[in-house]
Amino acid sequence: MTWIADLFARARWLFALFLIVMTGLAIEGYRPKSVDRANVRSLADLIEDAGDSADDEPADTDLLDTEEVTSAFNLGRSDAFLVVEVDDLFRPESARALRAMIAAVEDLPVVDTVFSLDDVPTLNVFGFAEPLLPIDDASPESFRQAKDRLLNNALARGQLISPDGKTLMMPLVYDWLFLEDNEDLTDGVLKAARTTLANELAQIPAADRPEFKVRITGQIPLFIAQERAFDRNQMMFRVIGYGLAFVLSVIMFRGVTAVLLMSAAPMLAVFWSFGLLKLTGVYINELSNVVMPLLVSMIGLTDGVHLLVNIRRRRTAGDSPVEAARWAIEHVGVACFLTSLTTAIGFGSLMLAESVYVQEFGRVCMYGVLIAFFAVMTFIPFVASTRLGSRIHHGEERDLVGPLIARMTPLLDWIMGHKALVSRVSIGLTLVLLVVSLIGLRPDNRIANQLPSDTEAYRALAHCDQQFGGIQFVQLWVEWPEGMDQYDPAILQALIDAEELIDAESLISHPLSVRNMLASFPGDKDDQRTQMTFLSLLPRELRSYFYRPDEHRALIVTRIQDQGIAEYVPVFDRLEAELAALPQTHPGFTFRLDGGPIFRARNLYQIVVDLATSLGVASIIILVVLAIVYRSLTIGLISVIPNMFPLVATGALLVVMGQPLFMSSVCAFTVCLGIAVDDTIHFLSRFQQEVGRGVDIDQAIRSTFQHVGSAMLMTTIILVAGFVAMLLSDLPAHRIFAAMACTTIAAAIVGDLIALPALLSRYARGVWKDEPVAAPAQDPAGVVTAG
């Protein structure tokens, strides 16, 4: 870095030009451009792509249009579900209010159709239209008789009405051409439904008035609720977190100028990263969009604090602004470069992952880290050397953190005096926590982790899970050999045996197929031959969806709950293994699970596993790079403990708390690995410089502890303060991320200021002994000031 430092001192205008050019390019990247929808991808797209590629045949159920959603019972393709709870449905007053509500919702421009009990096709021998719910002016006796009929109807029970008859779930399809505001999709629908119900019920005497409760859930309402909660929490806790970090920074730096400069550097790094990546056409997926700015800003803040602390010290010692900035580039810039290099290589290794999603994430983070290095290393020294930074050192003499580190000298003396014990405990504890993390952590993903528990859409989902077995649908295809007669009773027996396997799984419920419908007709239910003759009596659109003789296959649709992929992947695996054995009793038949939930579960599971595995690979690569950079295998091995300890400590904490490995958890690990590596490299670089001066190993450690420790402690306090506010978030994912980040960052300082000094004192003797490096300069008082 010496030649760059000299260039800075001779031609600062080049740095100014570089800042202007890069900022201009970033601004150009933010300019709106025409978007080709075919090139826009999301996590859901990639999961579906992965699912399609995992099977030779496409998911047929994804090809149905809106008409088929309502008429053919493809409920899984509905946009939303209107969930209506009523204390007594089987009364004329309840039926009248319910039908008025449905009509009001269907009259909304944004609503295409609402599928209700009145739309259920007729199932009887004569094909006479017989409404499941009697007409409004029917007698009370008709309603009492209708209750048993309705709750035993294969197309209604567990599909549109709960087994206890107190909850209705009506699939709803939107007309997107008339959408003006997202609120119309949820609040607008609920307002129309509730207002109509209130008007209808107001005409009934209070003593006889039925009680209704209307909510909405489903794919679109849950997505809108998630976006609302995320935006609300993001803005609120960014303000709180940044405010806390700013106040603590002012207290520690004793000067607003220094804090503003320190804060502006990571902000510029994030601005450059997004702008330049957009300009060059690098795709930023959803995960990268969330994690990359955090990673860049945290690494930028860490390096910025180290630079700023040393510039302030040199200014206080009497250096001019240019000399102080030049000195910081020369002596701290190496550590900053190594931090960016090793972290970038670690994230670059993610491009070897199996998942395209993880590959894109690794690529974006790698570029972001490198861009952040250039942003911080040019912006802070340049501004600090101008008139804007002329007062940057004011308040340094009243530093609070430096004296605190000095008062920790007795702790360091004890560590050095018991280096063997501290080293053994550090290594042993890291290994134990690693084993606990590897054994106890399991990947998971569920909607509950992405929404506040009091969100109305999620409460409705939880209610549907309990009453209907879920609102997510899985398909089971039963295929018979060509040449078999479409009315062969063996087909019905195959459906019965497949449904028995489904019924044996407690997390899968309410299977629906032609088997249920044929059971509604008279006759012996065990006489499959007679039962199959009733196929022609089923409504055409219903029969053509569940039974496809031209394709030699039939469909069973079943439901799953929001219990998480960790619960369902073993269920799907077990069910597929049992289905694979059925051809032994049904020769020529094949049984295949299908549907979005299966693909999403397995591929989300694989993405989390891929991220976790790649994180471990990245950690190993970073350690190898450190060994190469410092030209010492010993140093590379020593760095394992302070880098891995915070990660495995946090992993073990998740196990103790009973928390699985959500994607937000892996993101926290990813971000904090960069911080752990950053602090370790700054400590090792300073230690290398001290050893190069020819001082004793223990004295080199003490000097490094004093001068790097203050910047590391400042960084820890600022980052923890920024994240601790998120612990108050009502989003579970935010709370988990914040708790992990705080724990990992706090554990990192323990690893770098307790474990690392002991390990270096015990195992690093003789390292670099014959290869002295440039010694750090001293201030006029003879105190070494590098950091």
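Glycine is no exception: its Cβ is also placed from the backbone N, Cα and C atoms.
Here TrEMBL flags 267-386 (among others) as domain 'SSD'.
Annotation comment: TrEMBL describes 673-762 (among others) as domain 'SSD'.
Annotated transmembrane segment per TrEMBL: 12-30 (among others), in sequence order.
Taken from TrEMBL, the feature transmembrane segment covers 235-253 (among others).
Proximity of distant same-chain residues to the transmembrane segment (259-279), defined by a Cβ-Cβ separation under 8 Å and at least 6 residues beyond the stretch ends, is recorded for 22-23, 25-30, 246, 249-250, 253, 292-293, 296-301, 304-305, 308, 364, 367-368, 371-372, 374-376, 379-380, 383-384, 388-389, 392. The transmembrane segment annotation in TrEMBL covers 259-279 (among others).
Residues or ranges marked as transmembrane segment by TrEMBL: 291-311 (among others).
Under the heading transmembrane segment, TrEMBL lists 331-352 (among others).
Annotation source TrEMBL lists transmembrane segment at 364-384 (among others).
As annotated by TrEMBL, transmembrane segment applies to 421-441 (among others).
The transmembrane segment annotation in TrEMBL covers 607-629 (among others).
Marked as transmembrane segment by TrEMBL: 635-656 (among others). Nonlocal intrachain contacts for the transmembrane segment (635-656), taken as residues 6+ away from its ends with a CB within less than 8 angstroms of a stretch CB, comprise 426-427, 429-430, 433-434, 436-437, 439-441, 615, 619, 622-624, 626-628, 665, 668-669, 672-673, 676-677, 679-680, 683-684, 740, 743-748, 750-752, 755-756, 759-760, 763-764, 767.
Here TrEMBL flags 711-729 (among others) as transmembrane segment.
Listed by sequence, the residues of this chain that lie at least six past the ends of the transmembrane segment (735-760) yet keep a Cβ under 8 A from its Cβ atoms are 408, 411-412, 415-416, 418-419, 422-423, 426, 449, 638-639, 641-643, 645-647, 649-650, 653-654, 659, 662, 664-665, 667-669, 671-672, 675-676, 679-680, 683, 687, 697, 701, 705, 709, 712-713, 716, 719-720, 723-727, 729. Taken from TrEMBL, the feature transmembrane segment applies to 735-760 (among others).
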When only pairs 6 or more apart in sequence are counted, do the transmembrane segment (711-729) and the transmembrane segment (331-352) reach 3 or more Cβ pairs under 8 Å? no
State, in range form, which of 12-30, 291-311, 364-384 has the highest count of Cβ pairs under 8 Å to the transmembrane segment (331-352). 364-384
What average pLDDT is reported by the model for the domain 'SSD' (673-762)? 83
Which numbers of helix, strand and coil residues does DSSP report for the domain 'SSD' (673-762)? 83 helix, 0 strand, 7 coil
